[in-house]
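What follows is a set of notes on a single structure, which appears directly below.
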Amino acid sequence: MKNIRNFSIIAHIDHGKSTLSDRIIQICGGLSDREMEAQVLDSMDLERERGITIKAQSVTLDFKASDGETYQLNFIDTPGHVDFSYEVSRSLAACEGALLVVDAGQGVEAQTLANCYTAMEMDLEVVPVLNKIDLPAADPERVAEEIEDIVGIDATDAVRCSAKTGVGVTDVLERLVRDIPPPQGDPDGPLQALIIDSWFDNYLGVVSLVRIKNGTMRKGDKIKVMSTGQTYNADRLGIFTPKQVDRTELKCGEVGWLVCAIKDILGAPVGDTLTSARNPAEKALPGFKKVKPQVYAGLFPVSSDDYESFRDALGKLSLNDASLFYEPESSSALGFGFRCGFLGLLHMEIIQERLEREYDLDLITTAPTVVYEVETTAKETIYVDSPSKLPPLNNIYELREPIAECHMLLPQAYLGNVITLCIEKRGVQTNMVYHGNQVALTYEIPMAEVVLDFFDRLKSTSRGYASLDYNFKRFQASDMVRVDVLINNERVDALALITHRDNSQSRGRELVEKMKDLIPRQQFDIAIQAAIGTHIIARSTVKQLRKNVLAKCYGGDISRKKKLLQKQKEGKKRMKQIGNVELPQEAFLAILHVGKDNK
């Protein structure tokens, strides 16, 4: 056991985590040169296209150190985006140490900080690594100072490497073996294994990634899931080198995969403890804290026949993504679908793309909303995650919106722009600290503004230099209203949105204008209105298409023309009473962009 090292690689987006993982795999000979490809651990197509890591991946490698010993390295490549920080915290729970990778050109960024604090809270050994030293813009001395100044860990002898060229990567491994402690645990005690992650394989059923904390797991053992009490047979187990390799046993301290022929998706939840049925452990390992979704949106299949397969797809995805929340929802405009909870807008986009790609579904998404706390006049407190669930205005005593605490790191030059943006988003400044030419800003901004497009706008006002980390702080009373959209005097529930009263006029007007361009013209006038309660705040009309009934007259008497026009008018009137308006899918997507600057 003393030769096992479990560690994660944590860093801000694009600081070179996945490339460093590639080099480590190459040096330890996990894959032959022929099988080696860039970002070998980003196995999803989506990850490769966007160049980001979404799922944490684990690998077991053997490394022969300079002291002549051979060490077994179990390492986990983690995502850098703020939306996937729960993936990072789950990976860290399986480790004794973490490599904090910092780009020697960019320096410390917000996510570097957030991930590092997560690691420190879990009492992990953090080893700083300065990456990309081959860049002309690299300034390792300055960045080492920044790490000490902002993060507060000793970085005087931080390892310098370039993952792209491979310089210094062996030093990283040597330092790792030296500084990260071996796993603690009792190899002879009762089995306790923590489920770090799981996914669904069409042939094998549920595959789980486990970290053995105590005891040993052997092939063919009877294994019990502690939360449900069900027992399964350990059919196959093994490690990733990144290829799946079968083993006969997983020893104490190792990280590996396990197949128990679990067909039920909820059979082995992530964060649960596995133990042996013969000699069970007394208590379960502390799991992970449940992540609360921050953004909710309705997802509806375009054709209602897909509802069943959509439900199965969500089930399989939620197994792989523990933070995805969903419940059935029906809408008069869109039929049956699900209300889903996500951690942020990127997470929502990724889930939607994965559903469309991996499960061949066509989906319509409604506007994302956050959870509001509503105190009714009957003094009840309810939580509302969809505009259609909001009680009528006169039943609401107080409406509270979630406030996010946003930590931003940015160069001084962009401070003015960023502060202007935060004020525009109804933010309140709580802290500002200067570190060299970097500024650390803390603002409290309503969550609804953060999830809409704050991140994109922050990046564009600071030319990509500012970085952001946010978390939920509290609920705060606020003057929010629901804006309804009426088409021909009928409310369309899927188009409603909740917004602050100050912005409601402009949002309503903008929405109505957008809808006017998107709804195809019919044979009769279509009135589109935005309303708060019964008060109409904006209106526009999609003009009717009409045939020129006078074309056949050629001159002729005025009364003849009047008769024809009158007849047409009556026909249109009848049509309007019975006519239905078909809303195109673009109309629903239009709301997603309301309130965003059309840059």
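Think of each number as a place in line: the chain as shown, counted from 1.
Note: Cβ is positioned from N, Cα and C throughout, glycine not excepted.
Look at Swiss-Prot and you will find 2-184 tagged as domain 'tr-type G'. What Swiss-Prot records for ASP14, HIS15, GLY16, LYS17, SER18, THR19, ASN131, LYS132, ILE133, ASP134 is GTP binding site.
By a simple count of nearby Cβ atoms, those within 10 Å, the most crowded of the binding-site residues SER18, ASN131 is ASN131. In this view, GLY16 (GTP binding site) is surrounded by 24 other Cβ atoms within 10 Å of its Cβ, with every protein chain counted. The average pLDDT computed over the domain 'tr-type G' (2-184) stands at 75. Of all the Cβ atoms in the protein chains shown, 19 others lie within 10 Å of the Cβ of ILE133 (GTP binding site). With ASP14, HIS15, GLY16, LYS17, SER18, THR19, ASN131, LYS132, ILE133, ASP134 listed as the residues that bind GTP, the site has a largest C-alpha separation of 17 Å.
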